[in-house]
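Lifted from Swiss-Prot, the feature list:
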type: BINDING; residues: Gly82; note: anthranilate 1 binding site
type: BINDING; residues: Gly82, 85-86, Thr90, 92-95, 110-118, Ser122; note: 5-phospho-alpha-D-ribose 1-diphosphate binding site
type: BINDING; residues: Ser94, Glu227; note: Mg(2+) 1 binding site
type: BINDING; residues: Arg168; note: anthranilate 2 binding site
type: BINDING; residues: Asp226, Glu227; note: Mg(2+) 2 binding site
Amino acid sequence: MISLKSIVDKLYNLEDLSYQESYQLFDYFIKGQIELPLQTSILIALKLKKETSIEIAAAVEALFDNTKEFPKIKGDLAGIVGTGGDGFNTINISTTAAIVAATAGYKVAKHGGRSVSSKSGSFDLLESFGVNIELAPDQTKQCLELYNLGFLFAPFYSDGFRHIKEARTILKTRTIFNILGPLINPARPNKVVIGVYSKDLILPMAKTLVNLGIDRAVVVYGSGLDEVAIHDDTYVAEIQNNQIIEYKVSPVDFGIYTYAIKDLEGGLPEQNREIIKQILLGKGKEAHNAAVAVNVAMLMRLYDKDDLKQNTQEVLEIIKSGKCFNTLQQVINYSNK
């Protein structure tokens, strides 16, 4: 076993960790074997050094090895998630996109937690709607099979996250746990859209996904946002057959108008709940509908639907039908049975 001191000394010298060192470090973290002051300094050292794809992949495996198992789902399973920490406090776009994608017929396992650095995390929102976020894994699997949608609350599957919650709250900044969150979905989706908070993270995240054997994925950075943007360019790394292709898309590629970031500002969970409810009922603002649609359109690429304009139009029609709220309502009802 590698000593914590030797790992910490390397980090304080801003040296990269080996796979084994990173695995051991995150095993210590998730088992609550690191004191709070040291936790914060380790997280800051990693942030200053910049995390490597090897460190991230090792951390993912350490966290998976300490996670409650989720029963395997047959066929394709999608994940759509952002790292958070983009600082703009937008409405919960990836959560809404997951509900819309499920309504469109794609099985989506949405993994996440409560807010750390924003006003409203994905599961703050879901709780405000009345979703039982601590549904047993076998029930969540059945919910996925019935309604194409399942919600997996991170602390429920890995109670070790309670050991690092205080450090993350104290730091009030993005840490490696923002990066790890999207990668440790216990349902192990084989098709994922991951939004990152920095352009510098696109390639390390994509390389990590290749290392983890993910079938198809896109990593996106939306000019300040951790999702596909409707205000400016979105930088993309797409993974197929273990190859990474980098490109850039803009709102015009989706056939939509360009909006401002402020058009997507959210608020407290209750305010976000009302905004999201209106979108799902087919009564949302154009900017809100567009933001959700482009993210689902990007997910559809992973199912060999390459025409982003056509994808976006199909999704907008589904949103405007109001059917998406029925999907959420069915999941709420099922989760509280």
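Every residue, even glycine, has its Cβ placed from backbone N, Cα and C.
Since this is a predicted model, take the numbers as computed values, not measurements.
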Number of Cβ atoms other than its own within 10 Å, given for Asp226 (Mg(2+) 2 binding site): 28
Thr90, Arg114, Asp226 screened against the residue listed as 'anthranilate 1 binding site', Cα within 10 Å - retained binding-site residues: Asp226
Same chain, 6+ residues apart, C-beta under 8 Å of the C-beta of His111 (5-phospho-alpha-D-ribose 1-diphosphate binding site), given in sequence order: Gly79, Val81, Leu152, Ala154, Tyr157, Gly181, Pro182, Ile184, Asn185, Pro186, Ala187
Residues satisfying Cβ distance under 8 Å from Arg114 (5-phospho-alpha-D-ribose 1-diphosphate binding site), sequence separation of at least 6: Gly121, Phe123, Asp124
CB within-chain contacts under 8 A for Glu227 (Mg(2+) 1 binding site), separation at least 6: Gly82, Ile93, Ser94, Ala97, Gly195, Val220, Ala291, Asn295
Cα-Cα distance linking Thr90 (5-phospho-alpha-D-ribose 1-diphosphate binding site) and Asp226 (Mg(2+) 2 binding site), given in Å to the nearest integer: 10
